[in-house]
Structures are given as C-alpha cells and as structure tokens.
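**Q** Supplied in structure tokens, the structure appears directly below.
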Amino acid sequence: MVDYPHLVGLTYHIKTFGCQMNLHDSERVSGLLDSCGLVEVATPEEADVVVFMTCCVREKADTRLYGQVSSMVSAPVPPSGRRLVAVGGCIAQRDGENIRKHIPNVDVVFGTQAIARLPYLLEQALLDDSHQLEADTAEPYEGFSTDLPSHRAQSFHAWLPIMTGCNNFCTYCIVPYVRGRERSRIFEDVVMECEHLVRDGVREITLLGQNVNSYGRDRYGKPRFAELLRAVGQTGIGRIRFTSSHPKDLSDETIAAMAETPQVMPQLHLAVQSGSTEILRRMNRKYSREDYLELVHKIRAAMPDIALSTDIIVGFPGETEEDFEQTLSLVREVEFASAFTFIYSRREGTPAAKIVDNTPHEVIQERFERLAALVADLAHKANVRELGSTVEVLVEGPSKSDAHVLVGHSPKNQTVHFALPDGMSAQDLTGRYVDVRVDEAKTWYLRGPMVGSAR
Ligand code: SAM
Ligand code: SF4
Ligand code: F3S
C-alpha cells in the first residue's frame, strides 16, 4: 500500500445510498481508508473526510444527495480545520465534474470504477488545498472493488460480488449507463474468497450482481451460475443468498442447483416489474406475464416452500388501468412474501424518458397505494403461515428501539424478533444461529421466544 502521510489520523464517515452494490463498495472504501490510517466516526459532523456513495436509480435519490452534501457546508468545521467531501457511486459516474456546478464544496469525485484511487485523490486535495476532480470514467479500473481491503459492517455477513455491470438495458433503467457492461469475476477467485470468508467467521454470504443468472457468460462463453452455487455450497458457508435474478435468464440448471444445495436459502428475489405483457415488452424485459408465471410454477415444483419476493414499478409511461390490474392479479396469483414497489421515475438518457405520458400523478399514486396494501396483506399472510413453527435465526444484534430485543433473519429472509434470554448479552448471541418459536406474526416481522441454545 502506498503511503498517504497527510491522511494518517484523520477521521472519516461514509453515507451510503442505493443498492447492495453500493453497500459493498462502501465496505471497500472503508477498508481502504482504514488501511491508510484513517479512523471511522459515527457522524458526518465529527468527520474530517465525508464520503457520499450515491445512487441515481430514481429521482428522489438525486435530490437527497444534493441536499445532504450542501448541508455539509454549514456544518461546524472539524478539529483538523478542514473537511473534505468526496462523492462516489453512480451519480459521480453519471455527472462527473458537473457535480461541482451544483455543489461547489465537493473536493473529490470518483466514479464507480475508481474506488482504489480515492486515497490518492484525497491526499492531492489536501496538498493542493484545491478541489481535485476525477470521475475516472475513461480509464476503468481493471480489477474489482472486491480486490481492495474490506471493513465489513457485520462480521458474520459478507457481500460477495460475482460480477459488475448490466447488459439488459431495461428501457426505464439508468444502471447499465453508470455501471458499464457485465464483467464476471474468475470462478476460482469467487470460491476462494468464500473460503477465506468462512475462515474469517462469516456465516452468510450474499452473491451480488445486477443479473447473477448470467454470471460467467462474458468470461466463459456460457453462464456458470448454477455451477458457482454448487461450488460455493462446498466451502463450509452456512447460508447463501443472491441478488438480483433476471427472470429471462433463470435456468433449469440454476433451479436444480438451488434445490440441491442445502446452504442456498429457501428464498428468491425475482423482479417482475409489471404483470402486463404489453408493459413488459415496452420495458424490454424479454419475458411475458405467462413466461413469468410458468417460471414461478417450475420454481415451486422444485422448492414448494420457497419465499418469493419481487420489484414492481407502477406508472411506467402509458400504463393503463387494465395493465395495472394485470399487475395486481399477478401479485395475487404468485402470493409474494414481500415486494419492493416503486413509482416510475423518469431517468434522462434512458429510452423510456422519451415517451410522453399524460397520466395524472394522482392516478399513479392511487395505484401505488392499492398495490402497497395488497403487498402488505400478502406479507402478513406469509408470516401468519409460520405461526407455531420454529425458525432458525442468524442473529444480527439488538433492535434499534429496545436493547432487550434481538433481531435476525429466518432462512426465508423474514425479520425475526425475540427477547434476550436472562443471563445473556446481545454480544453472546450476535452472529450465531438460534431457534425461535413463532408465536406472533406481524406484517413485517415474526416474534417469539428463543428455544434451545445458540450455535
Ligand atoms: N438488476 C436488478 C433487477 O433487474 O432485478 C435491479 C436493479 S435496480 C437497482 C432495482 C429496482 O429499481 C428495479 O428492479 C426496478 O424495479 C427499480 N427501478 C429501476 N429503474 C427505475 C426507475 N426509473 N423508476 C422506478 N423504479 C426503477
Ligand atoms: Fe436495470 Fe434491467 Fe439491468 Fe436490472 S436488469 S439493472 S432493471 S437494466
Ligand atoms: Fe443505485 Fe447505482 Fe445501485 S444507481 S441502485 S447504487 S447500481
């Protein structure tokens, strides 16, 4: 590691927006800054270096960033006498130097492929007492952020990117423009990293990619995701999850590998986006309503008890009431255990941004609320079905509102709450498996007593 003497001893804080890719990248930024001698602090106000890892998938994320970065201008200056503000992630990649036109107090801009350059840019900004700007979009970093040191948010869970970028170009989506084309990591590197993580005490991994099902296609000429699941299952890891899965690429081999690898959790996030074949066509999703339902049928035939979750966009340009009702009926038919629902957000530069749509916002908002109510109802029903059963929970720590209540997730990824047993501390149980008997089923979580001992 090259030394950056001016950074040693400074404090830093990272604010992360967006998806798991950004969460993972933030852990790498944190690891990198630790290795340069900086020290993490809990709030941006007390930090010498504030890093924003940004997201532009929807408009709300954009406006939030601009508000938060601007508010750092008025925050009191830290003891070192100068605060550096760095903007990374997808807005940095998209806007590059233009960010400074809107927020002049930004010192460093670094693109999604330029994480490794951050310490150098911060040091330069300090030395020159000037604003260093580098989006590094032209010279993509050949490695993966995964090659950098990591400071994991949780010792027992790791994000494990298996690929970056996306080739799908859904017509509403900005991601392919800010994360580049699909690039898969070397198969053996992923397996080896998982083995290291297991030795390091990690019990659950989440394999990451915008479309994990096509893992390997660019590097090996054919997808190797099914093979990867089986190989990672042999590493001694307790739990495997993965996201995201594009329905058009979920193969029979992958379904079989999921069913036959006990470490793969009985849970699948399979973004449908809409229940209307016509809207799916305009979204360039490359499957129909019927294809999706058939896929769900195949998945449930292989894994009858699997919990399915999804992403849905309401108000794609030109969506009619009939199209929307098709979405409601698909959601009812599949009985998703949970769903992320979004109102369509126009993203400049995407094909859908050119479609003129006069549907009033109130109509879209009303559809969104109907969908949200249905999703909540189905989530509650899925939780009620667990009543009386005993679920294995990987404990994450105390709940934010009550230190005597611990929180974790079941194999199906349901949030589970249980009371801290007498004579035990949260530390004793964090990162361990416990069994919880489900006595209560709320809409968004399960609750009950811990039974038996921790493993
Ligand atoms: N690659 C993943 C996939 O296809 O499943 C998801 C990537 S994106 C980060 C997460 C979700 O954001 C998408 O599934 C979609 O529902 C939503 N999304 C993407 N672009 C959007 C837009 N312009 N407006 C509203 N929601 C959007
Ligand atoms: Fe966006 Fe579609 Fe790629 Fe997902 S698959 S990141 S929604 S373009
Ligand atoms: Fe957002 Fe970038 Fe992820 S736009 S959703 S942080 S890939």
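Going from the start of the chain as shown, residues are counted 1 onward.
Quick reminder: no glycine exception, Cβ is built from N, Cα and C everywhere.
For reference, TrEMBL lists these features for the protein:
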DOMAIN    10-127  domain 'MTTase N-terminal'
BINDING   C19, C55, C90  [4Fe-4S] cluster 1 binding site
DOMAIN    152-381  domain 'Radical SAM core'
BINDING   C166, C170, C173  [4Fe-4S] cluster 2 binding site
DOMAIN    384-452  domain 'TRAM'
**Q** Between the Cα atoms of C166 ([4Fe-4S] cluster 2 binding site) and C55 ([4Fe-4S] cluster 1 binding site), find the distance and write it as a whole number of Å.
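**A** With the alpha carbons as reference points, the distance is 15 Å.
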**Q** Taking DSSP three-state, what's C173 ([4Fe-4S] cluster 2 binding site) in: helix, strand or coil?
**A** coil
**Q** Just jot down the residues in the same chain as C55 ([4Fe-4S] cluster 1 binding site), at least 6 apart in sequence, with C-beta under 8 A of its C-beta; none if empty.
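**A** For C55 ([4Fe-4S] cluster 1 binding site), the qualifying residues are F17, G18, C19, N22, A61, G89, C90, I91.
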**Q** If you average pLDDT over the domain 'TRAM' (384-452), what do you get?
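**A** So the average pLDDT across the domain 'TRAM' (384-452) works out to 95.
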**Q** Other Cβ atoms within 10 Å is the metric here; tell me which of the binding-site residues C19, C90, C170 scores highest.
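**A** Of the binding-site residues C19, C90, C170, the most buried by Cβ count within 10 Å is C90.
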**Q** Would you list the DSSP helix, strand and coil counts for the residues of the domain 'TRAM' (384-452)?
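**A** DSSP classes over the domain 'TRAM' (384-452) add up to 5 helix, 30 strand, 34 coil.
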**Q** Determine which residues of this chain, when C19, C55, C90 are set aside, have a Cβ within 8 Å of the centroid of the [4Fe-4S] cluster 1 site's Cβ atoms, and list them as they appear in the sequence.
**A** F17, G18, M21, N22, T54, C56, V57, A61, G89, V175, V178
**Q** Cβ under 6 Å from an atom of ligand 3: which of these binding-site residues qualify? The list is C55, C166, C170, C173.
**A** C55
**Q** Need the DSSP three-state call for C19 ([4Fe-4S] cluster 1 binding site) to compare against my parser.
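**A** Going by the DSSP assignment, C19 ([4Fe-4S] cluster 1 binding site) belongs to neither helix nor strand, so it counts as coil.
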**Q** What is the Cβ neighbour count of C166 ([4Fe-4S] cluster 2 binding site) at a 10 Å cut-off, with all protein chains included?
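**A** C166 ([4Fe-4S] cluster 2 binding site): 22 neighbouring Cβ atoms within 10 Å.
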**Q** Determine, for the [4Fe-4S] cluster 2 site, the additional residues of the same chain whose CB lies within 8 Å of the mean position of the CB atoms of C166, C170, C173; present them in sequence order.
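**A** After dropping the recorded site residues, what remains is N168, F169, Y172, I174, V175, P176, Q210.
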**Q** Just the binding-site residues from C19, C55, C90, C173 whose C-beta lies under 6 Å from any atom of ligand 2, please, or none if there are none.
**A** C173
**Q** If one looks at the chain holding C173 ([4Fe-4S] cluster 2 binding site), which residues at least 6 apart in sequence have a CB under 8 angstroms from its CB?
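**A** For C173 ([4Fe-4S] cluster 2 binding site), the qualifying residues are V57, C166, R347, T350.
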